[in-house]
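Asks: The feature transmembrane segment is assigned by TrEMBL to 5-21, 27-46, 79-100, 107-127, 154-171, 206-230, 242-267, 279-302.
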């Protein structure tokens, strides 16, 4: 119950944030953070729940972004083009997942890396479709819906916040479902899961497809916010950045995906002035987190909160014991 109320309070605070700050730059950062949170949650489905490290996740992000942008530029309503990014990315997820999910460990990582590089090369060289290195410009914003006019960053922020909340909700429902339990069993021990009757191939394919579809939807939101797409956004460095967010936040944790997405997005903005040292700083950060907080920032926060509660409980117990001690009386 406490966790539920904490989530509600956080949602309210994030909702009122832009109305208090009155700063478009900070709202812009928070929109990007929201898109990244959806993206990291999508990677968490395959890397966190199934335990397979993907180095090509930015490819699905790019497929969704370009699919939605190209459809919108050809006259398809933006809301429909954004919705179409989900099945388009999911189809690629199935096509890639079928052969790749037969692999494990670093073989899986290398295979997904190869897929990511293929997508980057296609985006970079299919000039007639993607405009290649020149980038795709003139992407329209979503059409106005109710009182939300998406030419306003605050209104776009509200939409992204809604999508983040929905993604978190369904991710939590997934964990508590039969599918979630099957995925955790596969991550723990694939052989044992198979012996217990879990259809490993089916559930891994399901997780990979959902992961790709959600990444594609994040890409669509990105495309219609920045209004310009470049293949450079979706290369290997992009995939590593997504994985970095998940590792720093806490792999296998929904709260970790949220914290990692927010933290790295904000940090990267402040590190723009030190661009040449950015990867070095990220490397040091990963080492520090792995050594001192192997469960990520979310695990560190939980551990600290637990210790504080334990210390408080011990203190209350001692004070209670002193109160109930019998008073010494003189003979």
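The backbone N, Cα and C atoms fix where each Cβ goes, glycine too.
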Asks: Is it the case that the transmembrane segment (154-171) and the transmembrane segment (5-21) touch, counting contact as three or more CB pairs under 8 Å in which the residues of each pair are 6 or more positions apart?
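Replies: Taking Cβ pairs at least 6 residues apart, the transmembrane segment (5-21) and the transmembrane segment (154-171) are in contact, with 3 or more under 8 Å.
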Asks: Counting only residues 6+ away from its ends, which parts of the chain sit with a Cβ under 8 Å from the transmembrane segment (79-100)?
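Replies: For the transmembrane segment (79-100), the list is 56, 59-60, 63-65, 67-69, 71-72, 108, 111-112, 115, 142-143, 145, 204-205, 208-217, 219-221, 224.
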